[in-house]
Structures are given as C-alpha cells and as structure tokens.
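*Asks:* So Swiss-Prot has the following annotated:
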type: ACT_SITE; residues: Asp11; note: active site, proton acceptor
type: BINDING; residues: Asp11, Asp16, Val124, Asp240; note: Ca(2+) binding site
type: BINDING; residues: Gln227, His239; note: substrate binding site
Amino acid sequence: MEKRKIILDCDPGHDDAIAIMMAAKHPAIDLLGITIVAGNQTLDKTLINGLNVCQKLEINVPVYAGMPQPIMRQQIVADNIHGDTGLDGPVFEPLTRQAESTHAVKYIIDTLMASDGDITLVPVGPLSNIAVAMRMQPAILPKIREIVLMGGAYGTGNFTPSAEFNIFADPEAARVVFTSGVPLVMMGLDLTNQTVCTPDVIARMERAGGPAGELFSDIMNFTLKTQFENYGLAGGPVHDATCIGYLINPDGIKTQEMYVEVDVNSGPCYGRTVCDELGVLGKPANTKVGITIDSDWFWGLVEECVRGYIKTH
C-alpha cells in the first residue's frame, strides 16, 4: 500500500476533527503537518480546536496557525453549525499542546520546496492558506502532487443557494487555486451530503470504543441538532473526512472530470463553483469532481480509524 504524504489544511470544525482523526491514524496516510485557517470560526478558535483534538487523541503532528482573514472579502463564520467555539459538544482537558511558531503559509512553502514533488495538499476549509502560498512562491506549483479539497458543489450550495461555505468564505482564494494548473480533486456537497452521520452510525462508533469513539460521539451528537435545524438533515455529514477516504482508496468514490470555475463577481452566484458537467464550454477539465461514495465502505473506514486509537496495553 502506498503511503500518501499529506499536509492537512483545516478550520476545525466538527467534520475537520474526524478528518484529523482519520489522517493521523490510517497506515495509508503520512500526515506531515496540520495547518490551520480561519473558517468555521475565527483563527484563534480553530487553532485551539485543532490542538485540542491532537491532545485528546495523542496525535504527535506539528500544528501551524495560518491566515486569520480571507484575501479580500469580509470574514464570515459558520457558528450556526459549529457553535461559538467552532467545536461545541466535546469537553476537553486543559490545553497544554502548543502550535509551532512558524506561520502555516511559510511551512507549506518550505515543505513543498524541499520535497520531491510527492506531497498532496488536503485543504478542507477556506483556501486562504493555499492561495497565499501559491502567490508568495509560485515555484511550489509543480511541487504539489495533487490537491484534494473539500468545497463547492455542482448543485445547490449550503451557505447561499449558489455557494458552499468553504468557497464562499474566500472565493478569491478559491479562484487562485482552481486556476493554478495543479491537479485538483473536489469533494463537493453533492458527494459529501451522502455521508450523513445518523444516530445508528454514532452508536456504531460508540461501540467501537476508545478515545476516538468517545470524541466521535460527542462531536456528531452536537451536529445532529444543528444540521437538522439548519438543513433538515437526519444528521451531520462528515464533509471533510471524504477527502481522507479518497486518499486512502479512491476506488470508493466515483469522480467525473470537469472544468470548474469559481464565480468571484459580486452577485447572487458569488462563491459558486461553476462545474461544466456536460462539457458545453469546450474547456479542458481541471478538476476531478466527486459524484457518489460507497457509504458502507466509507463508514467501515471511519470505524477502522476509530478502533486504531484503542490502546492494547
């Protein structure tokens, strides 16, 4: 099994925490570092959340704080879904884990420039850190093996009728990434909403046990409430974790190559990922877009990672 080297760029966030849990434990993933961006909440809160998850699960991977603001637009947060802390629900022990002193953007640039072109970037929040790194040092572009991101939709948005939250939170950054020429894989809402975490799934992870099972339960029981109140869903989709699933085994997710463009015009479609599903524009595809996921396979993978945190001694 190939071990994929990745940098996980996230804005924790309930589903981000599940992505961290999976990426740090599965043997197919070599998690080099975790970079944090503002998104689901402000940077001070998302950073604390990322550190809390790492401390709770004893994940010894360096964590770097990144961009506190979008490139251009006024900052927004998703407190309607993730609460005031950005990770409401779990109760953590007093935090002793600290972030690295290096800025996340510098870490991304330095790590890529020193690499053999074998590192995959996995941004599952707004694309601010990735876009700024690309603009600061364009020489990183050929060094990026692939970008596997959570964001966008070829159908309906979730923050506006047109736009998904991660892209809407920094459309200009997304525009930079989608025009970069780097190989892109997009896990949008059309796919990620197929991973609704029902009470049955939560009970399954509770039975699996260990610290990750406990954390999963605390996290996803909170989103049961907010996702139903906001979207009428039967549970919280674990949007970000689909990227980790794809990296572990892309055969579990069906994708379609499309030309994708981010709308940065101020108007009702601001932040929309315009996906040319039928190829009517005649432009070459720049993105593999997630279409369907094998949910039985996916939840089995999540459970495998949860069980990996159970100590046997």
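Cβ atoms are placed via backbone N, Cα and C, with glycine included.
Give me the lay of the land around each of these features.
*Replies:* DSSP assigns Asp11 (active site, proton acceptor) to coil, not to a helix or a strand.
Its own atom aside, the Cβ of Asp11 (active site, proton acceptor) has 33 Cβ atoms within 10 angstroms in the protein chains shown.
Long-range Cβ neighbours of His239 (substrate binding site) (same chain, at least 6 residues apart, Cβ-Cβ under 8 Å): Asp15, Val124, Met150, Met187, Leu189, Thr192, Asn193, Thr195. DSSP gives His239 (substrate binding site) a coil state; it is part of no helix or strand.
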*Asks:* Could you state the CA-to-CA distance between Asp240 (Ca(2+) binding site) and Asp11 (active site, proton acceptor) to the nearest Å?
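*Replies:* With distance taken Cα to Cα, Asp11 (active site, proton acceptor) is 10 Å from Asp240 (Ca(2+) binding site).
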*Asks:* Could you tell me the C-alpha distance between Gln227 (substrate binding site) and Asp16 (Ca(2+) binding site) in angstrom, no decimals?
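*Replies:* So the alpha carbons of Gln227 (substrate binding site) and Asp16 (Ca(2+) binding site) sit roughly 15 Å from each other.
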*Asks:* Around the Ca(2+) site (Asp11, Asp16, Val124, Asp240), what further same-chain residues have their C-beta within 8 angstroms of the site's C-beta centre?
*Replies:* Cys10, Pro12, Gly13, Asp15, Ala19, Gly39, Asn40, Gly125, Met150, Asn166, His239
*Asks:* Which of the three DSSP-derived classes (helix, strand, coil) applies to Gln227 (substrate binding site)?
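*Replies:* Gln227 (substrate binding site) sits in a helix per DSSP.
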